[in-house]
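Below: the structure, in structure tokens.
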Amino acid sequence: MRTLNTSAMDGTGLVVERDFSVRILTACFLSLLILSTLLGNTLVCAAVIRFRHLRSKVTNFFVISLAVSDLLVAVLVMPWKAVAEIAGFWPFGSFCNIWVAFDIMCSTASILNLCVISVDRYWAISSPFRYERKMTPKAAFILISVAWTLSVLISFIPVQLSWHKAKPTSPSDGNATSLAETIDNCDSSLSRTYAISSSVISFYIPVAIMIVTYTRIYRIAQKQIRRIAALERAAVHAKNCQTTTGNGKPVECSQPESSFKMSFKRETKVLKTLSVIMGVFVCCWLPFFILNCILPFCGSGETQPFCIDSITFDVFVWFGWANSSLNPIIYAFNADFRKAFSTLLGCYRLCPATNNAIETVSINNNGAAMFSSHHEPRGSISKECNLVYLIPHAVGSSEDLKKEEAAGIARPLEKLSPALSVILDYDTDVSLEKIQPITQNGQHPT
């Protein structure tokens with residue numbers, strides 16, 4: 001306040017200059033955010049349109065629906081608000097109600113698509129055989145249709161019928177508020193009923209479902225990783241016990257410590273992966289929805305706790321929209337999409353090498369699993385097959401694979417008939433785990 005008063009005393013010229021500088025910085029930042037959201041989600045949509053093998057994967061339907069909702073946020077929501085932020089008023093007149101409906105619809109659709117993706121991944125990893133039979137393109141379209149229908153119902157109908165607005169305390173206040181909103185303001189106050197009900201449907205129920213599904217995914221992955229480690233230790237132990245010296249006497253057997261370390265690292269990677277997924281989503285949207293439920297209970301001019309000014313509230317609104325720029329990185333940056341992006345952008349030489357070390361985890365009918373590795377050539381696009389992503393953004397490193405090989409960790413189940421195959425990309429920090437289809441003889445297709 002002291003700085004503001006001093007600048008005002010220095011003359012209006014300095015105030016205008018500082019205000020102009022703030023507007024320029026705001027315009028640059030918001031433009032970068034909008035462009036990054038447009039670029040990321042446009043690349044996802046273009047990759048699926050361009051490459052048939054991406055369209056053949058049912059789980060990619062949900063990723064595309066998410067990309068479309070985030071793309072609509074960048075086209076129908078963010079630019080109009082950015083212009084209003086820079087101009088200092090709402091210059092689009094009666095378009096306000098339509099914009100508010102678009103805002104609620106697109107943001108809700110993005111969040112519900114994230115929820116559907118978490119449920120899809122949980123079904124795929126918890127009941128893989130049933131998932132392969134039940135999760136058809138028709139079933140995927142039904143889930144996507146439910147998410148979008150709910151988003152439309154919660155947005156356009158209440159907004160067009162003015163159910164979302166708070167009732168004015170007096171007729172004079174109502175006329176003044178309507179006139180202000182029509183001329184230069186589109187920040188209409190929500191009614192308490194609509195603010196709470198829409199927040200519950202748009203955020204609190206989906207985030208609760210996501211917490212449950214990703215927690216269960218971590219527990220399943222933890223059990224499988226420990227089972228793998230136990231089998232690897234047993235295989236190494238048996239191999240060491242069968243080794244003999246020159247005089248025919250067996251060598252003393254020892255349990256390898258490297259297997260315990262690798263098991264712990266794998267569990268840590270899964271935990272970090274799921275923490276990134278939930279952490280980014282919650283950090284972006286939770287502050288807004290908390291304030292969205294509190295502000296309707298704040299009277300005009302009140303200075304109660306959490307009754308913040310409009311500028312602070314707008315900052316948290318942009319935090320929520322920023323989630324749309326991060327979703328392509330988290331959910332559509334696996335090996336298949338990265339290769340498609342490299343092809344679309346024509347940057348095989350400039351982009352990071354795609355000669356990735358791939359570790360395959362095969363799980364048989366008894367729930368046992370094994371790891372094996374292979375390499376994919378630079379610039380190659382995987383053949384068309386039905387794959388299902390389980391956990392996005394699995395974090396890995398090629399050094400772990402080298403350490404396992406140097407430690408002599410065996411692959412105990414290589415000869416078994418695997419039922420499922422889960423691929424972890426070890427060359428990058430972002431990848432998706434997948435399930436390969438099963439042939440009639442119970443083997444993976446070659």
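For all residues, glycine too, the Cβ spot is worked out from N, Cα and C.
Matching Swiss-Prot disulfide entries to the candidates CYS28, CYS186, CYS241, CYS253 identifies the partner of CYS96 as CYS186. Membrane sidedness, as given by the topological domains in Swiss-Prot, differs between SER56 and THR312.
Of the listed disulfide-bonded residues, namely CYS96, CYS186, the sparsest Cβ surroundings within 10 Å are found at CYS96.
Here the transmembrane segment (97-119) has long-range neighbours at 62-63, 65-66, 69-70, 72-73, 76-77, 80-81, 143-144, 147-148, 150-152, 154-156, 159-160, 164, 186, 188, 198, 201-203, 206-207, 209-210, 213-214, 281, 285, 320-321, 323-324, 327, 331, 392, meaning same-chain residues at least 6 beyond its ends whose C-beta is under 8 angstroms from one of its own. Secondary structure at CYS96 (disulfide bond), taken from DSSP and collapsed to helix, strand or coil, is helix. In the predicted structure, the topological domain 'Extracellular' (1-23) carries a mean pLDDT of 58.
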